[in-house]
Amino acid sequence: MPVTDKSVAASVRKDDEERVDTVDRWDESHHGKGLIKPPDQLELTEAELKEEFTRILTANNPHAPANIVLYNSKRYRHASVTQMIVHFVVEGSLLHQDSDEARRQKQIGCQPEPPPRSNFSSLANQWVIYDAYMEELQKQERNKEKQKAAPSKKDPDNTKRAVVSTDSHGHDISKVRKAVKIIERMVNQNTFDEIAQDFKYYEDDSDEFRAQEGTLLPLWKFQYDQAKGLSVTALCWNKKYQDLFAVGMGSYDFNKQEHGLLVFYSLKNTAFPEYSYPTKSGILCIDIHEQHSYLVAVGFYDGCVAVYNLNKEGMDAVHKSTAKTGKHTDPVWQVRWQKDDLDNNHNFYSVSSDGRVASWTLVKNELVFTDVIKLSLNGAMSEGTEGSQQPIIACGTAFDFHKEIDYLFLVGTGEGKIHKCSKTYSSHFLETYVAHSMAVDAVKWNHFHPKVFISCSSDWTIKIWDHTINTPIFTFDLNAAVGDVSWSPYSSTVFSAVTIDGTVHVFDLNINKYEAICQPAVMAKKKGKLTRVEFNPIHPIIIVGDDRGYVTSLKLSPNLRKKPKAKKGQELATGPEVEVAKMDKLLSLLQQPENSTA
């Protein structure tokens with residue numbers, strides 16, 4: 001039978017379909033996957049599949065209204081409708097390099113100050129490492145022995161937990177505490193860097209045009225939140241660590257006696273005190289031991305005296321007088337450390353309104369007192385209840401010991417007199433000076449000249465004395481009650497005083513014998529009163545305290561610490577002898593009956 005083209009093509013198509021079907025079944029059997037069509041899928045022809053449909057996409061907002069009409073009194077009009085929709089917004093930071101902003105940013109630059117560097121080298125070998133481990137092991141064993149030696153009777157479980165905590169973390173905490181304190185000082189020094197630079201380097205060049213005048217530059221202001229409502233009643237610099245000073249706080253008002261505060265500030269960290277000791281009674285006086293700078297003697301308004309040890313932990317004093325151990329019955333106005341006794345026991349003296357000048361000795365854990373002298377009004381007697389006569393007690397308000405003669409000291413009284421006394425004679429005074437018409441607020445020996453001392457009072461006057469003469473050699477009227485006076489440690493003729501009107505007075509008798517060469521107002525009259533002033537032992541600054549609990553530091557300009565100029569071809573003499581000679585020259589000019597009054 002003849003084979004046509006149509007039959008051949010049909011057979012070929014059938015073979016292809018069978019081949020495709022075979023391949024599909026092979027794929028399904030090997031891969032487990034196949035094309036599954038839904039039974040209701042629309043079947044399209046080849047021509048329908050190849051047909052193209054054209055659609056145009058526009059940016060019109062399909063939700064925007066198209067028939068908004070605006071009306072006014074003249075005509076109708078169609079309003080334009082925006083077709084833009086914001087789906088996402090991000091602000092970039094790229095700038096065109098030729099824009100003004102890019103040019104300004106290119107011109108800004110800074111160079112930080114490099115941190116200080118130090119070279120360190122050491123040798124680490126087997127023996128050094130072994131010694132370090134053994135030393136650490138011994139420290140841990142000592143800590144364990146200390147904790148076991150003092151167990152708590154009330155709660156043994158808490159004691160065990162405390163021992164474990166201390167053994168595991170105590171040493172690490174001490175290291176962290178020291179590191180944190182160093183970081184805190186660094187932060188504060190960076191914060192107050194301008195003041196620190198002024199403290200170290202600034203000198204007032206305008207002093208060259210003021211031959212007999214000087215200025216005081218304000219530096220740091222020390223304040224503490226817990227000191228609100230308290231007055232600065234005492235200031236004392238640490239002789240060993242010259243950046244550290246103590247502040248005693250209380251109140252001079254009899255009706256406002258609540259509590260007190262003993263605070264220690266450092267010039268290295270002016271924002272917060274280094275130590276703080278709250279007290280139940282107001283503090284009136286403090287003194288730091290010269291050799292053992294961690295011992296601080298304190299006198300209180302309630303008549304107690306106490307000794308604080310900065311090396312001991314806790315807020316309580318290590319020694320404190322009581323009624324059984326001879327405490328004063330009235331406020332203690334002054335305390336002063338003295339040389340150790342023959343048994344090497346520390347001792348200090350105190351003076352109070354009860355008329356007693358007492359010596360206090362630190363014997364083991366006790367504070368032993370001895371009455372050195374009892375102040376009384378000369379010639380004034382009072383009759384006792386049984387007909388016997390008793391001396392009228394004089395109120396002691398200030399005292400100071402001679403810098404060279406150990407047994408000699410001065411005592412100021414509330415009656416305005418100053419008594420020259422001796423430790424060896426308790427029955428009478430060596431000399432009595434009728435000094436002031438009101439209470440003597442301060443009396444201090446000159447640091448250089450053995451004959452000269454200074455006194456101040458609320459009667460507005462400051463007087464300078466030669467203790468061999470019973471009349472003052474200088475008298476200065478400051479037109480306001482004088483709170484405190486202090487000799488400078490670098491010159492025998494320079495001293496400073498503060499008055500209740502907020503003024504600091506700085507005198508140099510070698511420049512001007514009649515008036516102060518600097519009298520700045522540190523605070524306004526209505527805001528408060530200045531109470532205390534002290535010179536730093538080595539730095540050219542003074543600190544002044546007020547009745548708001550603030551302490552302000554001030555830097556002396558060059559004219560306030562001027563030294564004599566050396567002549568050509570001669571070396572400038574220095575030392576205590578030069579300062580003694582300056583004061584002797586002033587005394588020789590005043591060898592006449594009249595007193596020099598300013």
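Every residue gets a Cβ built from N, Cα and C, even glycine.
Annotations in TrEMBL come from automatic prediction, not curation.
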According to TrEMBL, which listed range is region 'Disordered': 1-22, 45-66, 331-352?
-> 1-22
Looking only at the repeat 'WD' (433-466), what is the mean pLDDT?
-> 92
In the region 'Disordered' (100-121), how many residues does DSSP assign to helix, to strand and to coil?
-> 8 helix, 0 strand, 14 coil
